[in-house]
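Database features, via TrEMBL:
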type     : residues                                    : note
ACT_SITE : B:247                                       : active site, proton donor
BINDING  : B:54, B:55, B:56, B:94, B:206, B:257, B:258 : substrate binding site
SITE     : B:167                                       : site 'Transition state stabilizer'
TRANSMEM : B:53-71                                     : transmembrane segment
C-alpha cells in the first residue's frame, strides 16, 4: 500500500543485493518511517521477538525470509544441523502465532528437497518470495469475500457503514493489504461510504499507532477510540459490523487474537452486531480442539504497560514516558481467545464459513 | 487515608481560614502530590469540569462545598438570584454524575431555610461538612457489607482473593475510604489475603494513576493491567470477584460508570464471576427507568485519547506526549451503562440488594 504516495510492501528481498532482506520497522510509527536492513537469522529473530514487525501473516512471511537467511548463513560443512538450529531459534520468538511455525515448516520441507547447497539456497529464496506473494493474494481474496458483507449493509442503510476493528490486522500485519482491513480497503476502492472505529489496542497501541496511520495514508475515514468504548457504541447502534484478525485459529473455530478481542466479541453478541474473523489459512491450528484451554498465551514485558512512547507536544521530540506509580507491578498478557460461540463467521482466502469444525472442514476437505 | 504516612481527606475546609476550601489536585498524581486552594465558585466549577477532582462521591461533596463558597461569595443585595446562578453553573460541569445535582439540591434546600445571610452561610458550611462526613460514613458501611463477600471467598480457597476493579472508585473518588475499594481496604485491615487487578482505565488512566497509587500507599498487593485483559483473566479463573463504582444508578438497577465497565460485566457474566457495584445512595437516579437509553453520556475532549502525561524515563521530567498519527480524529465517550441483567448486586450504605427495582425499593421504602 502507499506511504506518502509511494507503494511499499512490509518485507522484501533487496533487488540489488539479494542477500539483504528489508522490512518496515514498525516501532517508530506513526512518527517516523524507517526501513531496517536484516542480513542474519539473529537479526530476524530479534525483529520478530521485539516486534520490529508483527502481525499474523507478516510473522509467517518473516519466518520464511528468516529461513532464507538461514540457508545463506548456514555453514556448508554443517548445513543440515545449522538449518535445524536456525529453525528452532526462529520458532522460539513468539509462542502464540501459528503462522510462525507454518512459515518455518514450509521452508524446512522445501529446503530438504534441494540436491546441493546452491540449490537449497535458491529454493529457500523462491519459497520466501512465494510465501510473501501468496500472503498478499490471500489478503485480496479475503477482501473480496468480506466486501459483500459491507455491500449488503450499505444497501440497507443511509450514511456510512460503521466498522469496528481491534489491533492492527492491516497491511502492516501482512506482506500487503491486510486481513481485517482487506474488506475495508476493497469497499473503499469500490466507492462505498465506510467509517472505521479504530480500537487503540493497549498496551502496544497497534490500533492507534498503525491501523489509524494506515487508514489515514490511504484516505479511509476513521476515528480512534479507547478500547473501553466499543461496548457503548454497539449498545447505541453505532457499529454495523466488526472485522478482526487472528494469531491462531483452532480448526474448531476458537480464535486467539490481540488481548481484548474477546471483550468486543461479547459486546457484539449482546447487541446483535456481526463479528467476523479474517485470516489466511496458514493461521489455522489443525491440532487444537479447545482454543480457550490450549492455545498458549504469550506474556510480554510489563514495561509495555507502564511506559509509552510518543511525541512531546511542546518540543516535538520522541520520548518514552512512564505512566504508572513507581513500584506498582503490571502484567502483560498479549492475546486472548474468543470462543467460537461468539463468532459470526471466519473469512479466509477459501471463503466464509461458520466458526464450527464441520463447516471449517467443508472448506478444507484435505484436513479431514 | 494515608499519603506518605500522613492522613488526608480529598477535600476540606481550612481550619485557620474558613473561607478557603482545599482539595488534592488529582491531575499530577501519581507523580506529584499537590494541594489546591479554592475560594470561588468559578474555581470549584473549573476543578470539577477539568477533573482536578473527580469520582461519584467526591463530586457530590465538591458540589456541596461549591455551594458553601456560593453562599460566601453571593452579593448580599442579590443573594437568592446569585445562589441560583451559582447552582446552575456548578450543575453544568459534568452531565453524567448523579451526585452533582444531589449535592447542589441538598444545599439549595438547606440554605433556603436560613433567616439571614449570616445564618445561610453558617448552614451552607455545616451542610458541606456534613455531606463530606456522611460520604465517608457511607463508604465505611459499604466496606462492612462488601467484606463479607470477600471473607466467604477467602474461606473457600487457598491463596489470595483476586479482586478486579475498573477506574478509581477509591478514596480519591470520595471524601475518604472509597466505594469499590471499601471492601478491599476493610478486608486488608482484617488481615485477609487480597490481590487487586487494577484496570488501567483509558483514556484518563484513573486506574493506573490513582487506584494503583492509593493501593500502593496503603500497602495493598495489586497489579496494573490494560483494560483489554480482564476477559482473559476471568476465562482462566484468575478473578474471584469484581467491585466497581457508579456515576449514576437508575432505581431499576442500570449502572452508568466509567467507559469499559459494561465490557467487564459481560465477561463476568460469561464466566460466572460475581459483579458488584458499590456507591452511596446519593448516586441513585429515582426518575430514570431505562439506564441504557436515558442516562446522558458525557463526551470529553479528544485530546484525552490522543495525548498522555507521564514521567520521561530518561530525565525524569513530566511531559505530555501525543500517541496517535497527526490528523487522525478520536472520540472520547466517558461512561457506559451496564444493564441490570449483568449485575450480581448493588452495595450501598443501606446494604446489598439485587439490581432490580423491587429489591431496590425494599431498601428504600421512602421512594415507593
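Backbone N, Cα and C atoms are what each Cβ position is placed from, and that goes for glycine too.
Remember, it's a predicted structure, so these values are computed and weren't measured experimentally.
Taking the features listed in TrEMBL, we show where each one sits on the structure.
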residue	record	DSSP (3 states)
B:54	substrate binding site	coil
B:94	substrate binding site	coil
B:167	site 'Transition state stabilizer'	coil
B:206	substrate binding site	helix
B:247	active site, proton donor	coil
B:257	substrate binding site	strand
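Those residues of the chain, other than B:54, B:55, B:56, B:94, B:206, B:257, B:258, with a C-beta within 8 angstroms of the mean position of the substrate site C-beta atoms are B:59, B:97, B:167, B:168, B:169, B:173, B:245, B:247. Long-range C-beta contacts of residue B:55 (substrate binding site), restricted to its own chain and to partners at least six residues apart, with a cutoff below 8 Å, comprise B:10, B:168, B:169, B:170, B:172, B:173, B:174, B:245.
Calculated from their C-alpha atoms, the gap between residue B:258 (substrate binding site) and residue B:167 (site 'Transition state stabilizer') amounts to 6 Å. Long-range neighbours of residue B:247 (active site, proton donor) (same chain, six or more residues apart, CB within less than 8 Å of its CB): B:56, B:96, B:97, B:98, B:99, B:256, B:257, B:258, B:283, B:335. Cα of residue B:94 (substrate binding site) to Cα of residue B:167 (site 'Transition state stabilizer'): a distance of 17 Å. The Cβ of residue B:54 (substrate binding site) has B:26, B:48, B:168, B:173, B:206 as same-chain neighbours under 8 Å, each 6 or more residues away in sequence.
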